[in-house]
Every structure is written in C-alpha cells, then in structure tokens.
C-alpha cells in the first residue's frame, strides 16, 4: 500500500528534465553535465517557406520566426501577429496577382507554436534540453550539439479545447565551427525588434544567393546557399503540430574555442573546474588521519574494552598535549623577554 504524500513527492521528480519559462537562460542551457551558451543567437530569426496552389492560383509563403532567449516583440502595430509571450510563431501569407493588377498580400493563417500562452488560450511554456552526444539514440550520438524542445502553443488559440491542437518546436543546434549561426538568413515580411548588431547586417542579407525551387506544390524553404537555420518540416504527428528546425552554429560545439564558441562541462569556468595539487593533498591527508583514528579506536574497543579518551591511539600523549603546549609557550616567552638587566643573576 502506497502513501499519497510519497506519490506527491515523486511526481515532480519524474518531470525533472522539463523546465518552466522562469528557468530558461539561453546563456546557460544545461544538458547532461554540459552547459551551452546560446546567448549570441538571441533575437528574432526567421525561415521562410513557400508552396504554390494552382486553384486559386497563388503562392503561400509562411514565415517561421523564433527567439530562443525571450518572447518575440513586434516592432509595428499590425494585428496579424502572434500574441504576447510567443517564442515561436508561424504566419502564412497568400500572394496572388490578377494580370496587370498589383500583387495582393493576404494573411491566411497565424499559429503560435511555442511560448508562455496560458492567458491567450494556449498552455504554459516548457522546454526540454537534450545533449546529442550522450543521447540514447545511436543516430544522435554521432552528432555534437543540443536539441531543444519548446512547447506552449495551440492551434487555434480560441474555441473549444477539443478543437485545439497542441504545438511544439524541436530545434537541433548542430556544431559547425565555421558558422556563427546568422549566415544566409532570409529577409521575411514579418518585422520584429532586433538587437543593434543584427540591424547592421540587414543590407548584406538582401542581395544574392537566393535559392528558389520554382512552382512547387510542396512546401519548401526559401534560402540562401550558406543558410545556417534550416527548416525541416511542420506536420501534425500524433495529434501534435511539430515544427522541426536545424541550426548550424559554433555555439553548439562542446569544446570552447578562441572566438567564443562552445560551452563548458559541469556549468563552471575552466579556471575553477579542476582542483589543485595542494587541495588534493590536504583532502587525502585528512582522510588517512581520520581512517587511522577510527580504525585504532575500533581496535582498542574490541580488544581492550577501552572507553572515552582511552579509545584513541596514543591517548596518554593526546591528554598531555595541552600541558606540553603550555610549557612550550612559557619557554618561548621567557626566551623572547629575557631575564632582565641583571646579567643573568637573580636578586637575593
């Protein structure tokens, strides 16, 4: 028969690998004894996919935007956006043109995939990190990096609960020592507030290197040749909408390099992660002395039935230590102070 209070204690432990929004620090993502620093990848980053539908004719472009460090914040006042607290958002545009008329842009779908969306019709934001090199899957063990699962979204956010589909994003950060992680990013229609250093590179990303696969009815990514952020798919699996992304970056490398990539084992700095020789010497000496005292006390108790101070080895010497120290200190004081100015003779 089990105790209810014991069950209440064990249930939180079973969910230990899942973390809440308050504990997400992109600069210190700990997974299986290793700490990854993804703070340099903070800010909004987007991938854009396209799909052509012949009837009615038009291109459906979907912009998937994420921020691994904090919720997305729109720079404008457009209503076509995910609610506050969203970290991963998908917005679909229908692009169509009628002959010589101007091309029309219509927002057809908005999906909040992950974020703290309890107040918007979704659920609580949770994230699960997995260190690929020590994962259970054989295919993952061949990789170096981090898998991050982000949850909290539902589609649609409004309406009866039974009509809502849970959403989540699975992002694999793979080690690439030659990539910062911001290369080849496609400029999307959605405008989010960026970090100052990202705004300086916007003009460089708008020219050259485009890769479009033409009038395809299958959803595919619009990307440059050197793209670091790759879209792998967005499909419903077991009643859950799952967005899969792969992010090639040096910040997923486990070995720290001179340019700041990688993380650290045990969540500590290299200078404090190893003990020095003196520390080990003191520790071993303490253990040896403690072991000697315990073993000798046990011998004295079992063989001679000793009690109290008699249990300790050399108990007579130990008892005399205070008196020996007192006599030793007295001799030192007499030597330092001397016998006065009588030339070594005492008064009669």
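Note: Cβ is positioned from N, Cα and C throughout, glycine not excepted.
Per Swiss-Prot, the annotated N-linked glycosylation site among residues 84, 300 corresponds to 84.
Transmembrane segment is the annotation Swiss-Prot gives to one range among 254-274, 275-295, and that range is 275-295. Across the structure, residue 26 (disulfide bond) and residue 82 (disulfide bond) place their CA atoms 22 angstrom apart. Packing around residue 84 (N-linked glycosylation site) is summarised by its Cβ count: 14 other Cβ atoms lie within 10 angstroms of its Cβ, all protein chains included. The CA atom of residue 175 (disulfide bond) is located 19 Å away from the CA atom of residue 69 (disulfide bond).
In space, 89 is the closest of the recorded positions 69, 82, 89, 226, 253 to residue 61 (N-linked glycosylation site), judged by Cα positions. Counting only same-chain residues six or more apart in sequence, the Cβ atoms lying under 8 angstroms from the Cβ of residue 69 (disulfide bond) belong to 26, 38, 39, 41, 42, 43.
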